[in-house]
Amino acid sequence: MKGLTSKFKAVGALMTLALILSGCGEEFLSALRPQGQGASDILSLMILSIAVMMFVFVVVMVIYVFVILKFRQKKGQEDFIPEQVEGSHTLETLWTVVPIFLILILAVPTVQYTFSLVDTSPQVSAEGEEDQIWINVTGKQYWWHFEYDGMDVTTSQELYIPTDRRVFLSLHSEDVIHSFWVPTLQGKIDVNPTGNRNEIWIDAEKEGVYWGKCAEFCGPSHSLMDFKVVAVSPGEFEQWVKDMRNIDPEATPESEVAAAGQEVFANNCMSCHANGTSPNKIGPNVSNFGDRERIAGVLEYNKENLIEWIETKGKDMKPGNLMTSAAYDLSDEELEQVAEYLMSLSPSEITPENANDNEYIESDLSDLFVDEEKDESSQEKSEEESEEDSEEDSDSN
Ligand code: HEC
Ligand SMILES: [Cu+2]
């Protein structure tokens with residue numbers, strides 16, 4: 001009877017586990033419900049290895065049970081000694097060859113995917129080489145910065161991508177090692193501070209807002225180093241890029257309160273934050289802060305949280321974050337004004353809402369690639385790069 005209750009307990013525990021695990025299947029967060037090619041590939045590897053392991057488990061269990069039943073001591077056999085067998089070529093060959101075969105089944109696709117998941121060489125379609133979107137990603141304690149190569153667009157915390165193609169990421173860190181991971185879209189990739197840049201592609205099959213995480217312990221707020229990937233249709237992406245390019249950080253907001261807030265922001269915050277396409281700074285770029293899904297990557301987006309964040313410098317909301325060293329001391333009125341200003345920053349018609357509206361706008365994005373602006377800035381870029389390269393060369397000498 002006792003055995004029976006413990007069996008029930010085991011079954012109960014398994015069922016609870018199954019229930020908990022089934023809760024992991026969120027489309028915006030779960031590696032078990034892939035929404036991009038990379039994550040699908042990884043899931044198929046997981047299924048393959050589970051299948052191989054289940055095969056081994058079942059075979060071993062069947063033999064095990066069979067042997068226990070067949071060769072157990074029977075009545076009247078107390079003194080019986082079975083025939084003693086030593087060495088069997090057939091068996092030894094079998095249990096050497098079968099595992100080698102199983103490991104090959106696992107190894108071949110694993111190695112293949114290990115390379116294809118980070119293959120950033122140009123994709124070629126029937127019409128020739130496709131234009132590639134490259135985004136420079138910087139990981140920092142505890143937020144992410146994105147610079148769209150050749151497009152003159154910079155943003156932080158939320159990465160906009162078009163749904164019709166792979167986008168290519170070149171990642172590095174400015175402090176410690178982080179790891180860039182959007183579970184529903186791709187595998188993890190290390191983000192290193194040592195000067196080497198890791199590269200990976202991501203794609204989203206359909207529009208949506210996908211959650212990303214830092215997957216390498218990087219300090220007290222590591223688990224709060226969240227970001228979002230906002231996947232919109234190509235037409236919407238093109239619109240977003242154009243809007244983001246045309247930001248005028250000096251433009252005066254319509255509301256008076258926000259205009260006062262702009263002043264407060266300029267006097268207290270611009271040393272660390274950027275607005276517009278100015279380069280990577282100590283704190284996130286706030287150009288489209290009004291369209292963020294979250295504050296600082298994790299907090300629910302509302303004015304109360306924003307004011308609390310600014311007032312406390314996120315001390316308890318994101319322990320150890322670098323804004324805590326800011327020197328300002330704002331009055332309640334100034335807090336209100338600066339919050340109003342930040343929430344008014346919405347330079348683009350395209351927001352995360354467009355990722356959920358099921359409206360698909362076509363575009364081949366060629367506009368984004370052929371214009372002169374791009375040519376110029378990519379030229380500048382390559383000049384910069386070659387300077388950097390020669391610096392690195394001389395460093396290493
Ligand atoms: C010492 C540099 C520094 C100063 C000065 C500073 N900040 Fe920050 N701020 C940061 C850093 C760093 C972060 C990122 C924190 C994190 O998420 O780890 C941040 C994050 C934020 C965020 C969240 C941004 C987002 O994209 O979600 C807001 C809002 C913000 N700061 C507002 C302000 C305001 C308003 C002021 C001026 C009153 C200000 N900050 C002054 C460094 C600074
Ligand atoms: Cu981290």
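Every residue, even glycine, has its Cβ placed from backbone N, Cα and C.
What TrEMBL says about this protein:
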type: TRANSMEM; residues: 41-67; note: transmembrane segment
type: TRANSMEM; residues: 94-115; note: transmembrane segment
type: DOMAIN; residues: 130-243; note: domain 'Cytochrome oxidase subunit II copper A binding'
type: DOMAIN; residues: 256-346; note: domain 'Cytochrome c'
type: REGION; residues: 349-397; note: region 'Disordered'
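When Cβ-Cβ distances below 8 Å are used as the criterion, the transmembrane segment (94-115) is approached by residues 41-42, 44-45, 48-49, 52, 55-56 of the same chain, each at least six residues removed from its ends. If you average pLDDT over the domain 'Cytochrome oxidase subunit II copper A binding' (130-243) in this model, you get 94.
The residues of the domain 'Cytochrome c' (256-346), classed with DSSP into helix (H, G, I), strand (E, B) and coil, number 43 helix, 6 strand, 42 coil.
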